[in-house]
């Protein structure tokens, strides 16, 4: 006898139901089949019942329907036929019933107000839409009123009335000030539900003249503003405290009616001082949990999703320290009609019976009425197979002419429900939808399910045969499902072969063949075993497999259920895993997994790494596995497991881990169930339905886990409805015209029974549409095609099996697919704020054209060209993204005096919309950057040459350069500032008539019409002597436009007044070196605070040796390094310590080289003119002449420097000024008018502060003898002032370079 089982197997082919039928006739959603079957119309999309439209945009009234043949559409308006052909402004979309009323071409929305209804009709019947009430939105202006200032005493209550204009829909109210800032609200000051602003008590800080009420009409995106209200609070002392008085609602009681499913809002606002606190209670009951919320500082009670049970008396209590006040609101919850059982589509075969049931509830109870094809059933054509019995229509012995669409209307004073349900009578011969010769492969001893998806009307009978001439299959070894699937619960090797499915009804017969192959199972015949290995040893796990010869296995090894470490010590062979040089990190569980396309098996072993025992001792090991497992107390949802512990191996068992295997859904896979303390050997286990349980126990001690025990006997629990629904349900469109519904499938043991499937339901949100549902096999995705672009859908997924449905699932909101935005932002405007910043404005795009989640706007902008250089360059577009619905943004970092372009695009989740037309704007001129360089060259006695480069960024048209300069001396004193304006086309300048041997500081910057740019500074010194300075060659400097600017002659006649200036930061600069063979004189300039300690660091240049450090005594600015090696290059730097603020400072490195001694130039005094004249003048002073001759004979014919100065009184060498330490001016004895007459050769040092022998006839070399002409540590010259007893040779070890005479003269001061 054949075994019939009323299920749809989860592993059967995908069979989707068109709708939930009352009869047994199912229509699969096969595309080819649906193209051929006749079907009455079904409304799939329609506009909402109360449709408020924007009067500025075209009116679109949606009406979409499906059917076979495709339906035609007609409309009624206010109950009469609406002839769209007579109105040029009204069109109907092709292949659709959707109306488009062209308001933007001169129509007025008010002319099309009314009640519209759509009818979709084909030869099988007519479906109708809801009554769609069209009303244009309104945002009227505020009525003019004269507002008197509010004079309020401190502590009194106050109500500022908003009284917004009545709009459609009602506006949203908020209060702001003149600066468009929301007014702060608190327990004392808050806005009521009617929009008024309530003050429980006023305070002096409430005085202001700009309390402004705003009404925002979202539908038309407009905001209306009330005239500002003035409030002045005057103080009276003392302020009188008052007990609470309710400002709203008034009186002691009031009533409130709310509809079922809506949000109930109750409000109490009280006056009083101190500010009252509001509390809410429900008389005779509790406020509903999880649905009650308090808003507006607990002044508003909010209950969501109200039902009839929420009716009752709600009391608000306002309390302060002086007393309390209360108000009781009597709430009555009414209900518009809602469905208990909505009529479902009915597909019948000729001669069958069926029923349509329409049950609804409401308060008051709704009236039920029926229509047939849009006509009241009382006046509709008679049908002998139809009988109306209240909320039920009974059909008996139907024929094909009985096909029609019936409408059920449930209505009361608060609304109505309208549902279409068709009766479709079909006469169709059998069809088999499963592909021919489909191949099924299964593993031996597992179930095999062979599909035979079919359709026919009347419902065909299905028979299965094996082989070409085999007999009909019967017996307990087969299960025949209602959907045509043949199930072989335990397939064997001899089950392989060809199976034939035959479908027949009174209209015909059809058959189809499928193939079944049964494969040998994959087995691990040699499993890895538990191993204990000493540290640094080698271990190997075996995994030898046996498999079907036609299947290709893959072997994967895991460590602790994760990939093997990336370590060359792990060697994976064909049948084993070897670990070399084992460490403690290798301790763990190793699993061998064998996979084929049809099955998977695994085996695990534990590796324990131990240290080598130094001496025989107690061996601590993992416990032995438990044994003798026993199951008792078997119930549907629980069972008791007991066991006997194994040997604990010298380490007490801490706990037992219980695992289970589901032999029905996941054979060979063990799952964690629970764990119990090590002293417990029994446990009560909770079970799930439809699971074939086996249990095993693992013992755990401090060493590790034991091997699992042998499995217990199997226990199969009974099937039941699913307990839970799929999780993580989502609806996200992947294309503009689809909705992809996904969910996380239930695991095998969560199915609670055979035939796990999912009922997927969806409907468009806020359209009052019916749920569309399909039942799918055990998959995790379903795609709904043909959806409108980016509309919200309500989605739910419910699990079911052969025993029934899971609990009703929660609804989630998803969206169909996004598409690229349709339009670009309009009215793009650019406001240039300054030369580097601009503000761009645009109008937001209409929300309907975004076609997705609005993510923001992108502004593309790029520089076209610089207006100053007129040169184009590579266009680098920059992008700024402004999140959300912003309509403006700032463009920073622009280049001055440039031409820019920009465009704006709207962005959604799909991408960017079209760009707005390019907008051109220009930035004004700015101040230029600093000149690219400033060089000072060719120093002479009284002139310097300046060269500069134009600014890198002129940022406009250069008008001129500004040069400022002033003298500066070693004590940081600045002279008068001289300013020169230079034409913009110049690039060099010669400054003449400067003071010689004077340091100047220069400040140089460029100008545009906007102003001066940043300046560049430089310092330079005019030389002491022109001797040795090379004149520029003829033609040198060509290519420069040199303009001479004469300085004021005052600079050369009157000594300038200097002002003491403290440097901005301490620094050491202008380190100069005069080197001899074994010593060097180091001098420097210091700018900064007084009382610092100087030091000199030096070392061999290029060496990695540490710097040698010498401390300078006192605060002098020179030092003599001794003991140097001749012919060696040295590096030197000067530092200062002891600064009161911050760390010390150091100069940059300088490099000098010592050299071999050179013979000094001997000057015979007898050849000097002044000496001959002196001899003639003092002929009588013979004694003096004898003394001079004596000195000449003993000292190499030289006179001391001091005597030479005193005797000659050379006007070219003047002493330093005592007041400021600067040198006196060098002048000719002949005339001041000869200011620019060259001085004697040798009277000035070169600009590099050194004196070379061949360049100077009057250098310090001439005043010393050999190496004795040197400096003391304090910088004084000791060549002629030391008492030398022995005469040195004429050619001694004398340096080719001598220390500077400037430093020598400093030592004389």
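Every residue number used here counts from 1 along the chain in the order it is shown.
The backbone N, Cα and C atoms fix where each Cβ goes, glycine too.
Here is what TrEMBL records for this protein:
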type     : residues  : note
SIGNAL   : 1-24      : signal peptide
DOMAIN   : 41-129    : domain 'Ig-like'
DOMAIN   : 136-230   : domain 'Ig-like'
DOMAIN   : 244-332   : domain 'Ig-like'
DOMAIN   : 337-424   : domain 'Ig-like'
DOMAIN   : 430-517   : domain 'Ig-like'
DOMAIN   : 521-608   : domain 'Ig-like'
DOMAIN   : 625-720   : domain 'Fibronectin type-III'
DOMAIN   : 725-819   : domain 'Fibronectin type-III'
DOMAIN   : 824-926   : domain 'Fibronectin type-III'
DOMAIN   : 930-1026  : domain 'Fibronectin type-III'
DOMAIN   : 1062-1157 : domain 'Fibronectin type-III'
TRANSMEM : 1170-1191 : transmembrane segment
COMPBIAS : 1200-1220 : compositional bias 'Basic and acidic residues'
COMPBIAS : 1227-1237 : compositional bias 'Basic and acidic residues'
COMPBIAS : 1246-1255 : compositional bias 'Basic and acidic residues'
Stretch in 337-424, 725-819, 824-926, 1062-1157 most in contact with the domain 'Ig-like' (41-129), if contact is a CB pair under 8 A: 337-424
With DSSP helix as H/G/I and strand as E/B, how many residues of the domain 'Ig-like' (136-230) fall in helix, strand and coil? 3 helix, 38 strand, 54 coil
Average model confidence [pLDDT] within the domain 'Ig-like' (521-608): 93
Using DSSP three-state counts, the residues of the domain 'Ig-like' (41-129) come to 10 helix, 46 strand, 33 coil
Mind checking how the domain 'Ig-like' (521-608) divides into helix, strand and coil residues in DSSP? 3 helix, 47 strand, 38 coil
